[in-house]
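Trainee: Dumping the structure here so I can ask a few things about it.
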Amino acid sequence: MITYTILLLQAHVVAAFEQSLSSMTQRLQNLTATAEKKDSELSELKAAMESLRAQSSQVGIGLGLARQPSSDSVSSLSSACSLEKHEKKKKKGWLRSSFTKAFSRNAKVTKVQTQQTESENERQPSPPPPAPIDSGAEVAELQKQLREKDLVLTDIRLEALSSAHQLESLKDTVMKMRSEMLNLKQNNERLQRLVGGSTTVPPDVVNSGTMDPINDLIAIEEPPPEVEPDGKRIVLTVYLGQPHCFEKYYVEHYGSDGNGINATGEIAIAHTSVGAATSWSQLDNAVRRAFKQHVARLDPGGGLGLGGDSIACYKLGESERRFDSTSQPPHLLPFGYVIGCVTSLHIVLQPVAALAFEALIPKGVAQRFVSLLSEHRRLVLCGAPGTGKTHLATRLAEFHAQSLGRDPAEAVATFNCDNKSGKELRQYLNHLGEQAATGDNNVLPCVVVLDNLHKAGPLADALGSLPRNLPCLLGTMAQSACSATSLQLQHGFRWVLVAPHMEPARGLLGRVLRRRLASLELEQGLQPELAAVLGWLPRVWQHLNAFLETHSSGDVAIGPRLFLGCPLELDAARAWFADVWNYSIAPYLREAAREGLQLYGRRAPWTDPCQFILETYPWPGAPPQGLTSITARDIGIDTGPSSQADNDGDPLLNMLMRLQEAANYSSPHSNDSDCNSLDSTMTHDGNIGTESVS
């Protein structure tokens, strides 16, 4: 029904554009006819003026008024000619020239005629006879008619210029409307093909309320552009780094006949064809369209904030094409730069957009983190284990190092506090301060990542008195161990909360899984069943965190890292999820719910979290019987009706439970070890999109 409504709306839009185009065409024809009519009237007026000039000259000859001009007339004529030449030098543009020509003609004729009249009056010693008086009146009448015709001619010229300007504007409008109507027709055809075929749209795309249905279907299911018969197929890749570092990366992996086989700092997003007739504007549109479609695929809700304006430039072979108004296209067409072993086109993003695309976090969030780190130089990411703090801290540190022109491999140092005491951390920071005091900053890292600061003991003892000349400090801590006030007041740290219910952690799992799926489908084609499974995992993650918030506390959560190890094969993913549920998720949920019951009491009716898994199971066939259930008896809840009724009906007990929850909300719990043991069972690849986040 929704697709039918979309098709109907698309058909109405196309019909409206066709009607508007026809009205514009009719108006254009009317203006053309009016212009032709004005041209004919102009020709007639010119002929009438020529005849009047001829009659005026004949009358002047008959009266014998043609005499030599006096010295005053000669000087007046000379000044008028010089003034006319000076005005001609100031003419700029065809419209201004036409205005000047239209208004100067009347003035010139009037001035010359006035000068001739003054000359005639000065050289006549005596009043003319009666007959010449009549002839002079006839000449004055002819001159009056000539001036009137000249004024009419000026008005017609102005109207013709205005009509020509309107005609050009209407032509541009008609061309734009034709282009839009063509795009609408193409979109309508794609929608009809989608309705006729058996296309499967991911559930998270259908359930998203922040996106336009038409743009959704076009952006995600749009077929690849048609391959030209003489074209060469190339792959579009996005460089995962800063713009000023791209040249070095390109020379290392593609210079000296390199084929980029071992290049890991880029990700393929689409394929296109470059033929002999492909222009640079067509290639620009193809690059923008491919990038926007890929971003819409990664984040259907548009939360990343990336688009065509996020592209700084792209490199094809030896040519570099920048997206700004001052850049000129290369000398050859694109086909001239895909010769030899050139098989890829590299897209380079703007600095903050590159960070957002690589880390898969919203652009606004990335900009805020970058500003905090560059301005205050001390930042702490606080949140539950597995929410992506280490992943985000590493990306921020690399971005800061690259922005300073340093190599991240040398300029970023990581101090892991897992198995180290606060004394070792304090000694390490003091050593960095001593090196900075010597002035040799080239050997110092520009960013130090302090991972798992909550395991270094009391922060006052671990950090001590930090010297101001230290490099940028970027720390990560568990949410239950946060002491924002002391860190901010004593050591000048700025605080950022990374929670599963807010960005950048909220949409990270879905974006990473969709990136992995997009890379797989680019090589092997559509995978609808696997797409359903990968779209189901974020829903499970959100449901489990809602369960923990209801039956435990708000600071107990499961991070997205647990689900990032899902295999990209249907049967393997089924076995993987069964193991993760039975040996990691279910024991952790049982322990967290039991602890929440002891601290806060029973706050809501018990529902088995496994029931949601069985009801929404995405794999073909019946759900397996071996998934572990968590019953109320497993966590120590008395399922007797009398006990439940007593608890629900005792307002004093409920009030005491709320007070106890408020008092214990900020107290540390033992969820750190639980989350760590839960996440420690998972191992991940080191490449982008599948690396571990904590």
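Cβ coordinates come from backbone N, Cα and C, glycine included.
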Trainee: What range among 167-194, 251-278, 503-530 does TrEMBL describe as coiled coil?
Mentor: 167-194
Trainee: In TrEMBL, one of 14-55, 308-349, 350-391, 392-433 is tagged coiled coil. Which stretch would that be?
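Mentor: In TrEMBL, the coiled coil feature sits at 14-55.
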Trainee: Could you tell me how many residues in the domain 'AAA+ ATPase' (375-523) are helical, how many are strand and how many are coil under DSSP?
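Mentor: Residue counts in helix, strand and coil order: 72 helix, 28 strand, 49 coil.
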